[in-house]
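> The structure is given below, and queries will be raised subsequently.
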Amino acid sequence: MSKEAANKEVFLRMTKRDSISKRKAWAIRGIAVVLSLILCALIIVALTNDNPFQVYLGIIDGAVGRKRRFWVTVRETMVLLIIAVGLTPAFKMRFWNIGAEGQILMGGTATAAMMIYFGNAMPNWLLLLVIFIVSSLAGMLWGLLPAVFKAYYNTNETLFTLMLNYVAMQIVTFCIVFWENPAGSNTVGIINGATRKGWFRNIFGQQYVLNVIIVLIMTLAVYLYMKHSKQGYEIAVVGESQNTAKYAGINVKKVIIRTMMISGGICGLAGSIIVSGASHTISTSTAGGRGFTAIIVAWMSKFNPVAMLLVSAFLVFMQQGSIQIASQYGLNENASDIITGILLFFLIGCEFFINYKVEFRKSKKEVQ
Amino acid sequence: MEQINAIELKNVTKRFGEVIANDSVNFSVRKGEILSVLGENGSGKTTLMNMLSGIYFPDEGQIFINGNEVMIRSPKDSFALGIGMIHQHFKLIDILTAAENIILGLQGSKTLKMNQVHEEINKLTAEYGFDLNPSQKIYNMSVSQKQTVEIVKVLYRGADILILDEPTAVLTPQETKKLFDVLRNMKKAGKSIIIITHKLNEVLELSDRVTVLRKGKYIGTVNTAEATADSLTEMMVGEKVKLDIDRTEPSNTEKRIEMRGITCRNREGLKVLKEASFQAYSGEILGIAGIAGSGQKELLEAIAGLQTIESGEILYYAPDGSTNKISDMKATDIRELKIHLSFVPEDRLGMGLVGSMDLTDNMMLRSYKEGKHFFVDRKKPKNLANSIVEKLDVITPGVDTPVRHLSGGNVQKVLVGREIASNPTVLMVAYPVRGLDINSSYTIYNLLNEQKEKGVAVICVGEDLDVLLDLCDRILVLNSGRVAGVLDARKTTKEEIGLMMTSDRKGAHKHEQRSGK
């Protein structure tokens with residue numbers, strides 16, 4: 001190689017950071033949010049020629065502007081949060097459960113079945129209790145299947161859980177045939193619209209307080225379970241290294257199966273919260289991609305429950321707001337997906353700058 | 001200085017975050033000399049060499065090759081300057097032949113004439129006294145043969161400066177001798193050779209000069225002829241260290257573990273232990289020697305209940321006189337029988353400890369199940385962590401630091417500390433001082449000796465035969481899964497063990513067959 005080439009400088013380098021102060025890390029995240037909002041604004045201007053500030057005000061208005069809108073945002077936040085909470089044990093175990101969608105659908109289907117068939121058979125509080133148990137069991141079954149195959153045959157859980165999502169969708173489609181209302185509509189419609197059997201009841205005069213209570217209790221329970229129980233400790237060890245787990249005398253198969261039952265069970269319960277506590281109907285889009293969004297929530301928060309709450313709230317806020325501006329400014333409803341996508345891109349991308357440092361080199365003078 | 005240095009570094013500094021790996025190091029290699037770079041782990045030897053081979057780029061300072069200042073940005077640049085590095089972990093493709101690996105990545109002419117390449121390689125190997133068959137596949141080779149391929153590879157590319165990173169770590173005494181002969185031949189041919197090592201006797205035997213690094217700083221360069229093992233250690237460590245291991249006579253020996261004809265297979269279905277039988281006694285240290293991968297790991301794991309055993313049995317004789325057959329038990333069952341079997345595995349962070357967990361959580365890895373409570377009790381493990389930190393001088397910011405942030409020596413102290421804390425009757429350790437500096441190594445040796453004096457049956461897998469000879473009472477030699485023999489450590493020699501380790505070895509055997517054709 002020529003000497004000239006050997007004298008060229010490295011211009012840009014990336015080095016791994018050893019540590020970063022919390023304040024600096026949050027500053028980087030803050031900058032990422034600001035940059036993403038600027039980029040969103042540019043896109044909005046390019047598409048609509050509207051004032052981006054107006055559009056952002058529209059987002060805020062759409063998410064929390066009215067009491068009703070505020071409570072919908074809360075409700076959706078809670079749904080996203082409990083799914084993320086449900087995924088936490090599985091992901092801590094490094095079990096790539098991307099089947100939350102299916103687990104939610106199974107829980108939702110079980111809930112709808114209970115509402116339809118037992119709506120008049122028992123008092124509402126008992127019906128709700130049965131719904132919680134049965135929906136959890138349904139989700140548990142959907143978590144158990146891939147876990148058993150993983151534990152005994154070491155099958156790939158990613159594909160398995162993903163495929164089960166489609167199976168769950170087909171089951172819903174199948175059930176709609178029986179539950180169709182009105183006939184010929186190919187939808188289930190509002191279940192027990194008149195009797196409100198199996199619906200969450202108002203607490204303090206608010207419709208969604210029960211959702212909040214259940215989700216927060218589950219969040220706290222899972223936090224304590226992961227952090228302070230022996231089983232939670234086992235999950236962490238298995239996730240880090242199965243070799244270590246065997247060395248420590250942990251029954252890895254048992255832990256995998258048990259953990260996925262818990263994970264699937266909570267996602268199933270999330271299904272009941274969606275059906276009983278919000279939509280009061282069931283369709284193939286009941287989960288609505290939230291089983292996937294929750295994966296992002298869980299990982300971005302590094303499984304910290306407070307962070308999960310904040311991230312869920314932020315994402316739902318943007319989503320609800322975007323739905324509002326989409327109708328207000330005549331944008332396609334996919335506009336909200338674009339904005340959420342840009343936000344996530346920046347938020348996840350900025351983690352790189354938290355872990356790595358980029359250095360620029362000034363060209364050095366020749367010494368010879 | 002009249003003569004031009006092959007390599008000269010001036011004030012080279014390299015930082016990783018807050019850690020200064022090399023702190024303005026000055027260093028030179030003359031043409032046609034063998035220079036040893038000596039230093040403890042973490043002293044910056046490898047970082048320095050990686051800057052010469054283009055893997056890292058220095059933050060400050062200048063590098064001169066043959067008197068000209070150069071900028072080495074990538075391994076390609078390094079090659080172009082005639083620097084060849086032989087890494088500790090070989091970078092070879094198993095299914096290709098030696099010759100194919102050697103020419104891999106070279107431009108060459110348009111048509112590939114393999115015969116010509118073979119000829120060139122043979123010429124090169126004859127010149128320096130290598131023993132290499134260019135058409136042998138890598139997967140059929142022994143470790144030392146693979147190393148030969150790596151060295152010939154850089155020579156074939158015309159390197160004048162060779163850097164070898166701990167080349168003897170994986171070699172038997174006989175193979176080491178052969179390597180040194182070759183290196184001396186290369187020196188005679190005018191090549192400059194840098195050897196990174198921490199084995200003092202090799203430094204003294206082979207090199208012309210020794211450069212010592214300590215904690216990233218350049219300490220000095222001395223002529224080997226004027227140095228002694230003691231003086232070099234003092235330069236390396238900064239203080240005088242006693243290099244003797246106190247070995248007491250075994251007392252109160254009782255049979256603890258008896259292995260009878262154990263056969264194990266690995267995942268690929270190959271037999272890794274072949275009818276291995278031996279006894280381990282309380283109050284003695286039984287060393288296990290063998291070439292890497294001769295079944296050492298499986299031997300210990302079979303006892304610990306972590307291996308599927310195909311045939312044979314393992315018996316445990318408890319101090320109270322009862323006997324248990326532990327060969328058909330899992331690790332959990334053994335624990336439930338209250339058999340205190342401690343095991344320090346070779347893979348510390350991948351098996352013995354959980355890297356992302358803090359000291360406290362790692363303390364309870366083997367004991368968290370105690371008690372019927374649903375929640376874990378972190379008080380006792382925390383106290384244990386604190387007492388280990390204090391007793392063994394573990395350097396850590398606190399007991400809530402993830403163990404993977406600790407240095408290798410401190411990680412090992414945590415692991416050994418935990419295993420000893422359970423008052424074992426049998427203590428098994430695999431490569432207990434691998435990657436540790438001199439001071440930490442001697443701390444570990446002393447701990448093992450302490451356990452032996454307490455009447456524990458200690459089984460120690462080691463790679464440094466000098467240490468095994470000084471530390472152990474008996475040495476069991478493994479040779480490709482078979483027990484080749486058990487020797488009295490006080491009477492045997494390194495050469496005897498080396499021969500038992502290698503005689504009739506698969507790789508060597510095949511090689512001879514082929515070259516005989």
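Backbone N, Cα and C atoms are what each Cβ position is placed from, and that goes for glycine too.
Model, not experiment: these values are computed from the prediction.
Below are the features I grabbed from TrEMBL:
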| type | residues | note |
| --- | --- | --- |
| TRANSMEM | A:26-47 | transmembrane segment |
| TRANSMEM | A:70-91 | transmembrane segment |
| TRANSMEM | A:103-119 | transmembrane segment |
| TRANSMEM | A:125-147 | transmembrane segment |
| TRANSMEM | A:159-179 | transmembrane segment |
| TRANSMEM | A:208-226 | transmembrane segment |
| TRANSMEM | A:255-275 | transmembrane segment |
| TRANSMEM | A:306-326 | transmembrane segment |
| TRANSMEM | A:338-356 | transmembrane segment |
> What residues elsewhere in the chain lie close to the transmembrane segment (A:26-47), defined as a C-beta under 8 angstroms and at least 6 residues from its ends?
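Same-chain residues near the transmembrane segment (A:26-47) but 6 or more away: 55-56, 331, 335, 338-339, 342-343, 345-347, 349-350, 353-354.
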> Report the listed stretch (A:70-91, A:125-147, A:208-226, A:255-275) having the maximum count of Cβ pairs within less than 8 Å of the transmembrane segment (A:306-326).
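Of the candidates A:70-91, A:125-147, A:208-226, A:255-275, A:70-91 scores highest.
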> Among A:70-91, A:125-147, A:159-179, A:338-356, which stretch has the most Cβ pairs under 8 Å to the transmembrane segment (A:208-226)?
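Looking at each of A:70-91, A:125-147, A:159-179, A:338-356 in turn, the most contacts to the transmembrane segment (A:208-226) are made by A:70-91.
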> Other than its close neighbours in sequence, what residues sit by the transmembrane segment (A:103-119), given a CB gap under 8 Å and a spacing of at least six beyond its ends?
83, 86, 127, 130-131, 134-139, 141-143, 165, 168-169, 171-172, 175, 179, 188, 191-192, 195, 197-198, 263-264, 267-272, 274-276, 280-282, 284, 286-287, 290-291
> Contact between the transmembrane segment (A:255-275) and the transmembrane segment (A:70-91) is defined here as three or more C-beta pairs under 8 Å separated by at least 6 residues; is that satisfied?
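They do touch: at least three Cβ pairs between the two stretches lie under 8 Å.
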